[in-house]
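Peer 1: Got a structure for you, questions after.
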Amino acid sequence: MTFDLSPIDRAKFVAARRSCNFVENGMRIGLGSGSTAAWMVRCLGERVRTEGLDIIGVPTSSRTADLARQLGIRVASLDEVKWLDITIDGADEFDENLNLIKGGGGASLQEKIVATASDRMVVIADVAKEVKALGAFPLPLETVPFGWQTTKALVEETLVNMDVLGREATLRMNDDVPFVTDEGNYILDLHLKRIGNPRQLSLVLNQIPGIVENGLFIDICDAVVIGHGDGTVEVRDFNAGTVTEEQIDILESDNIFADGDD
Ligand SMILES: O=C(CO)[C@H](O)[C@H](O)COP(=O)(O)O
């Protein structure tokens, strides 16, 4: 079987593979969710298996927890570990200040808690996720099911006074029933088109009763690994103040990943 990736999957894979260079023996690592993060978990699992890399992973979703366990990565809860060296996760959008929209996979609440409890957050993303202004991707709001329609109306009313281009909130569905998060909540997706002031919006949304958390990550991420379809990556490290470009080779031995899907 060959490891034949589409350009977008290759971009995700090389970003994920490169991000594993941030991981050292003995680290406690927040394991993100989504397809790019799943590649990262697979690459870490491979290092655990072949190098004996000694790490503890704190997963940000039940799906990531299942994958990490299957791959032999030692898994713990955030309460067991309390603080993490690093979190590596995907994103739906990122801007030049490394502010993010996350939650396309419905896991942004756990992702935000875990990333905030980490010395560093590294985002891994294909180049299409970079935007001038956040907001084309619908902003997820984790919402308590009780009274959600009233909460939705309040959110839409609040958006009238915000610097955004769209104001519609839609309940995320899973076939014919509401999508339910790992925390038992619903998700309202906000179709804002463009967010003028992400920091202010985040603060205002979190004031509305019934909103548990929103998918804006402000001042949380400090490095991004951007993957391209030709196998190159750009690493922007805000802490180190560096930007580097590298070619990541896909090896024959990477065939072990050929069955991966997420
Ligand atoms: O925030 C997330 C899940 O809640 C994901 O990280 C985000 O949706 C990106 O996913 P993918 O890597 O599959 O494009």
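The backbone N, Cα and C atoms fix where each Cβ goes, glycine too.
Feature table excerpt (TrEMBL):
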| type | residues | note |
| --- | --- | --- |
| ACT_SITE | Glu111 | active site, proton acceptor |
| BINDING | Ser33, Gly34, Ser35, Thr36, Asp89, Gly90, Ala91, Asp92, Lys102, Gly103, Gly104, Gly105, Lys129 | substrate binding site |
Peer 1: Roughly how wide, in whole Å, is the group Ser33, Gly34, Ser35, Thr36, Asp89, Gly90, Ala91, Asp92, Lys102, Gly103, Gly104, Gly105, Lys129 that binds substrate, by largest Cα to Cα distance?
Peer 2: 16
Peer 1: Would you mind reading off the Cα separation of Asp89 (substrate binding site) from the residue listed as 'active site, proton acceptor', to the nearest angstrom?
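Peer 2: It is 8 Å, counting Cα to Cα.
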Peer 1: When neighbour density is defined as the number of other C-beta atoms within 10 angstroms of a residue's C-beta, which of the binding-site residues Ser33, Ser35 has the lowest density?
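Peer 2: Counting other Cβ atoms within 10 Å of each of the binding-site residues Ser33, Ser35, the minimum falls on Ser35.
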Peer 1: Other than Ser33, Gly34, Ser35, Thr36, Asp89, Gly90, Ala91, Asp92, Lys102, Gly103, Gly104, Gly105, Lys129 themselves, what residues in this chain have Cβ atoms within 8 Å of the centroid of the substrate site's Cβ atoms?
Peer 2: Gly32, Ala37, Ala107, Glu111, Ala125
Peer 1: Given Glu111 (active site, proton acceptor) and Ser33 (substrate binding site), what distance in Å do their CA atoms have, once rounded to a whole number?
Peer 2: 8
Peer 1: Hey, does DSSP put Ser35 (substrate binding site) in a helix, a strand, or just coil?
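Peer 2: SS state of Ser35 (substrate binding site) = helix.
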Peer 1: As a test of the contact definition, list every same-chain residue at least 6 positions from Lys102 (substrate binding site) whose Cβ is closer than 8 Å to its Cβ.
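Peer 2: Lys102 (substrate binding site) has long-range Cβ partners Asp89, Gly90, Ala91, Asp92, Ser108, Glu111, Lys112, Pro140, Gly215, Phe217.
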Peer 1: Would you mind pulling the DSSP three-state label for Ala91 (substrate binding site)?
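Peer 2: Assignment for Ala91 (substrate binding site) reads coil.
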Peer 1: For the recorded positions listed here (Ala91, Gly104, Glu111, Lys129), tell me which residue's CB has the most neighbouring CB atoms inside 10 Å.
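Peer 2: Of the recorded positions Ala91, Gly104, Glu111, Lys129, the most buried by Cβ count within 10 Å is Glu111.
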Peer 1: DSSP on Gly104 (substrate binding site), three-state: which is it?
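Peer 2: In the DSSP reduction, Gly104 (substrate binding site) maps to coil.
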